[in-house]
Amino acid sequence: MSEKENNFPPLPKFIPVKPCFYQNFSDEIPVEHQVLVKRIYRLWMFYCATLGVNLIACLAWWIGGGSGTNFGLAFVWLLLFTPCGYVCWFRPVYKAFRADSSFNFMAFFFIFGAQFVLTVIQAIGFSGWGACGWLSAIGFFQYSPGAAVVMLLPAIMFSVSAAMMAIAIMKVHRIYRGAGGSFQKAQTEWNTGTWRNPPSREAQYNNFSGNSLPEYPTVPSYPGSGQWP
């Protein structure tokens, strides 16, 4: 089988940088899990959009008299969490469902759980964190109502993101436990090194089944009647 060519992120041809990952839901993810994995992918996209809206809201916050530190941090969060979210929690869950990998499931639970906690903090909106959450938006109405209205939008989006993350992690955990996943399996994958690039379920099946017999088995040759002992 020829090696699959990377297709994500889909970059224009004039850019001298090639895609880093191969992503094809219908080709690599089992049919019964494709909807869930696609929803987690869209959740990553929604969270990236939330960070972009948050950057604009932090600019309005700054213009309205708030601290410029929030705008600077919002810019850092956008640049940092957009690629890191894809690599650190979406790719693990993608590979986990692609290959039924306990190690990647564990990595997803740990990193995505931390992402969920961070998103809840962003939704709350502590000042100086670079996130326009509920506390910062509501508290700014007394200084600049117009800017505060803009700040409410990322507060809502962060809240929706946190709610969807909670639902996603519960659904993935239910599937993981129902399929017999365990920490021991994750340790085995770590010790054998298969966690780096676990083979797809199809590849595992082909390796397991293989060709136990030649396509045209040889007909046994028995001795003639006069040659029996």
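Just so it is clear, glycine is given a Cβ too, placed from its N, Cα and C backbone atoms.
Checking T188, T194 against Swiss-Prot for the annotation phosphothreonine singles out T194. Tallying C-beta pairs under 8 angstroms between the transmembrane segment (149-169) and each of 40-60, 61-81, 105-125 places 40-60 first.
Same-chain residues lying 6+ beyond the ends of the transmembrane segment (105-125) with a Cβ under 8 Å from its Cβ atoms: 47, 54, 85, 88-89, 92-93, 96, 131-137, 155, 158-159, 161-162, 165-166, 168-169, 172-173, 176, 181, 183, 186.
Note: the topological domain 'Cytoplasmic' (1-39) comprises 13 helix, 2 strand, 24 coil (DSSP; helix = H, G, I, strand = E, B). Confidence across the topological domain 'Cytoplasmic' (1-39), taken as the mean pLDDT and rounded to a whole number, stands at 89.
Away from its own ends, the topological domain 'Cytoplasmic' (1-39) comes close to residues 91, 93-94, 97-98, 168, 171-172, 175, 200-201 of its chain (Cβ-Cβ under 8 Å, at least six residues beyond either end).
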